[in-house]
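Worksheet: the structure to be examined is printed underneath.
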């Protein structure tokens, strides 16, 4: 057993949240931090993680991806579905789609309506979104100008399909918005991305950790697979991990900060003796504290691709040809420009499928090529697609460890599509998307519907297609939810402190009480910025006074 020094804080997981905490906590020179990461470095010369257009590559291997699989999903034809999670400095920000989407203001106001979470309103959170961000066109009431995370906006001269798809959404009666992270999320518009001015992925390893690495009070250990958190009674006092299969440990004077993400954090807690007592006893794990909510309340976003042939030769299909890729790669490598410098998700939208929803329940990503998210099944002809998925499914899943062995993946079950609302939303999503594709703005482009195919019309046909073809949007969350101690399923309080224990916080997407309306990287970074101030004992940033849109019963769409 190799024992490392004592540190003030030990952070488990160098991902979207952990790197923020490591950077902010070490701004205090008298505070020592140990940052543990199961994966390796974020190699800056590896185009797979650094080139935005190469976003599919990290999902295809296991160097940067945990490549979890779910248990057979009972409402999805018993498919074992992908559950990719980032591994390496940067975590999932190293392999995500780089969509900079914060969620809807109402998501956070909804959190704040829950007991114990009163200071999580949108106006409490907005200053921390701004603190994290440097947006390439400058700051305003909603955006930051000097944060570690670089955000790039779509520029004139990008693929003409983006503007056509936004215009088609507006022609179908839905709002137009100039900023999906600004005053009004609802509507169709340009989509920002976490990409540097030189066309590189802006992960939290590049943005945050590069600031902190030179500091003598930060120690980073990669290839450190966390085994368990060590306790003295009810107090977390250290961490044990495996490096080259050899156990090592260190002690924490102040706190252990668990930032493993929505899949890893619950399993680390359960292996450490914190979780549902019956599960832990069945695996002969010594019980430290019974917390039934650990690994419960698991949520995600599910999405479909609707693919169409493109009648004009303007899609990115030629970029998929091997003989075109050296030139694309060279332009990106030497100039930081061109197709390689974009994730190609430069437009999208959020709409309500029905007036029953107070804020958008469907998200769109537009892509000027037809291909699966992980790079499989590319369509060789000119083609394009819309990704559409529901945002706040009432379905709930769970995560259970299978053994004490940290190398064994957990049992993951999302229970996708287990609620009738899920089916209503996906039927509506496919029909609305077809209406958008039929608008005049897309008439010069839209050809044959490749997938699902125009023969698919009835509810039963659509349902069968969803069961067989819907895929994760890679947004697992909520598996250690925040809430008041009176809520038996809450795992942490509004400051990330684990109920019933001392010296242990969780800071990652697992503590969301309900998944947000959009992608998870930006909200997770915001949460870490906010809780970093709490951990450091700093006065919270002043609440924003910026106005924000509420539908307040407005029609879902304009009717001619």
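Backbone N, Cα and C atoms are what each Cβ position is placed from, and that goes for glycine too.
Lifted from Swiss-Prot, the feature list:
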BINDING   8-37  FAD binding site
ACT_SITE  475  active site, proton acceptor
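The structure, with features from Swiss-Prot marked on it.
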residue: 8; record: FAD binding site; Cβ within 10 Å: 17
residue: 12; record: FAD binding site; Cβ within 10 Å: 26
residue: 16; record: FAD binding site; Cβ within 10 Å: 33
residue: 20; record: FAD binding site; Cβ within 10 Å: 32
residue: 24; record: FAD binding site; Cβ within 10 Å: 24
residue: 28; record: FAD binding site; Cβ within 10 Å: 14
residue: 32; record: FAD binding site; Cβ within 10 Å: 22
residue: 36; record: FAD binding site; Cβ within 10 Å: 25
residue: 475; record: active site, proton acceptor; Cβ within 10 Å: 26
Cα separation, residue 475 (active site, proton acceptor) to residue 8 (FAD binding site) (Å, whole number): 31
Pairwise Cα distance for residue 12 (FAD binding site)/the residue listed as 'active site, proton acceptor' [Å, integer]: 20
Euclidean distance between Cα atoms of residue 475 (active site, proton acceptor) and residue 16 (FAD binding site), Å: 13
Rounded inter-Cα distance in Å - residue 28 (FAD binding site), the residue listed as 'active site, proton acceptor': 32
Distance [Cα-Cα, Å, rounded] between the residue listed as 'active site, proton acceptor' and residue 24 (FAD binding site): 25
For residue 8 (FAD binding site): DSSP state (helix, strand, coil): strand
